[in-house]
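Undergrad: The structure that follows is given in the form of structure tokens.
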Amino acid sequence: MNGEAICSALPTIPYHKLADLRYLSRGASGTVSSARHADWRVQVAVKHLHIHTPLLDSERKDVLREAEILHKARFSYILPILGICNEPEFLGIVTEYMPNGSLNELLHRKTEYPDVAWPLRFRILHEIALGVNYLHNMTPPLLHHDLKTQNILLDNEFHVKIADFGLSKWRMMSLSQSRSSKSAPEGGTIIYMPPENYEPGQKSRASIKHDIYSYAVITWEVLSRKQPFEDVTNPLQIMYSVSQGHRPVINEESLPYDIPHRARMISLIESGWAQNPDERPSFLKCLIELEPVLRTFEEITFLEAVIQLKKTKLQSVSSAIHLCDKKKMELSLNIPVNHGPQEESCGSSQLHENSGSPETSRSLPAPQDNDFLSRKAQDCYFMKLHHCPGNHSWDSTISGSQRAAFCDHKTTPCSSAIINPLSTAGNSERLQPGIAQQWIQSKREDIVNQMTEACLNQSLDALLSRDLIMKEDYELVSTKPTRTSKVRQLLDTTDIQGEEFAKVIVQKLKDNKQMGLQPYPEILVVSRSPSLNLLQNKSM
């Protein structure tokens, strides 16, 4: 089958039909965004590769061939593929949009979902097994080999839709084009990978037994609502431990005695993650074990569980919106915020003392013209400013330990004594563009013409790693169809976000030896401190 036949067999969705592209997440298979199809008038999801260098025809055909296979895998618990967007600078798979996110979010966002009823947990496990069993029974069998809670999506009624199966070429292209310097697999994938797959030479033997191992780990995770190996930070430690026969702990703490059908489920887990692949059961046998478990629950209990989740999610969203509206009202009216004792732990007095220094003032970017910002971006921007300034890069005169002492992101917003971006306390105090910003503004068209795709992507990576760019701004840049439009959007964002943002871009231009832009300004790019990153990770 040639590339042209593959293209014609797949429904083609033009890029310009994908309106309102919004960044959702990024994984091994590419970046996922939501969009609204201009003709269908429905929300869709788009998984697209970042094409930093032109794909060879053979590479594009391989990716399209995989998409064609996925399009044929139509089943109740498989994520439906609606078509492909195949354009020179944009290659993406368009699927149905899943409003309830992933199983990973359901299990581990305990504030949003404080309780997930047992009937629903068992239904989810049953539907995962049904979906993978269907893939294994295709001709030829379609093996997932990247089954994890992040790839198990949930529709409006919390039914399972398995995603990212059969995307080995897609993942390969994404990793080869990746901007990250990390070569080791992400810990999230290692957790679900069987030990025989740690050695590349043995991958062919693993075959159909790979997915049942992953499923066993997922089952443990669903029943415990804990992250497997959550205390281990180094993926190599996990690999060594698993290769020695260790698995996530099965005891009363991880799997309490009140779990329905506990003994049967533990037996299924232990056989599924057996060290010897030949001792692991097929998904058919797994389903035979699960079916009597499902029959013990009345149909009404599944409906009640779903309704309860929807209620708690709605309450969580309503609370967040109420808080957001309250903050915006206080900002727009320039009203000081009366914080409780817990919120005062941010140390507003320290911040007030520092706010007088020109260095600190320069490091807190404020929009020069709100017309540059979309309404949603404005809201998020002001919310971000109104929180403790850990999301911004501070001047080098402020140490990481001082920044960490200023606030705990896990709990509280700071006092409004920090800044009010709408304050009218004198135009002379408005933040002026720094050296890097002024240089970028003076070289704008030269940068647009000369900044390479690789340099652009490295800049975005660096901004993400320093938490200097918001998701909304990232998506506005990354989803533009051409290199020049991406660069223009990035420079527009630089005008708004401030000096530290601009410094990163200047540094990346220098690193990529874009000599046509010389002379460069002398700048110092401040790296974020590990202590601050730790605080932020805990808050997410």
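Cβ from N, Cα, C; glycine included.
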Undergrad: Based on what Swiss-Prot says, identify which of K209, K327, K508 is the ubiquitin cross-link one.
TA: K209
Undergrad: With respect to Swiss-Prot, which of the residues S76, S168, S214 bears the note phosphoserine?
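TA: Per Swiss-Prot, phosphoserine applies to S168.
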Undergrad: For the feature ubiquitin cross-link in Swiss-Prot, which residue out of K148, K311, K410, K443 does the record point to?
TA: K410
Undergrad: With respect to Swiss-Prot, which of the residues S33, S176, S224, S316 bears the note (Microbial infection) O-acetylserine?
TA: S176
Undergrad: Between the candidate ranges 65-73, 119-127, 263-271, where does Swiss-Prot place the region 'Helix alphaC' annotation?
TA: 65-73
Undergrad: Do any of T189, K209, K503 (recorded positions) have a CA within 10 A of D146 (active site, proton acceptor), and if so which?
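TA: Among T189, K209, K503, the ones whose Cα sits within 10 Å of that of D146 (active site, proton acceptor) are T189.
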Undergrad: Given the model, what does the mean pLDDT over the domain 'CARD' (432-524) come out as?
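TA: Average per-residue pLDDT within the domain 'CARD' (432-524): 85.
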Undergrad: Per 10 Å Cβ neighbour count, which of the recorded sites K209, K503 ranks highest?
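TA: By the 10 Å Cβ neighbour count, K503 comes out on top.
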Undergrad: What's the CA-CA gap between K209 (ubiquitin cross-link) and Y474 (phosphotyrosine) in angstrom, rounded?
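TA: Cα-Cα, rounded: 39 Å.
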Undergrad: What is the separation, in Å, between the Cα atoms of T189 ((Microbial infection) O-acetylthreonine) and Y474 (phosphotyrosine)?
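TA: Here the two Cα atoms are 25 Å apart.
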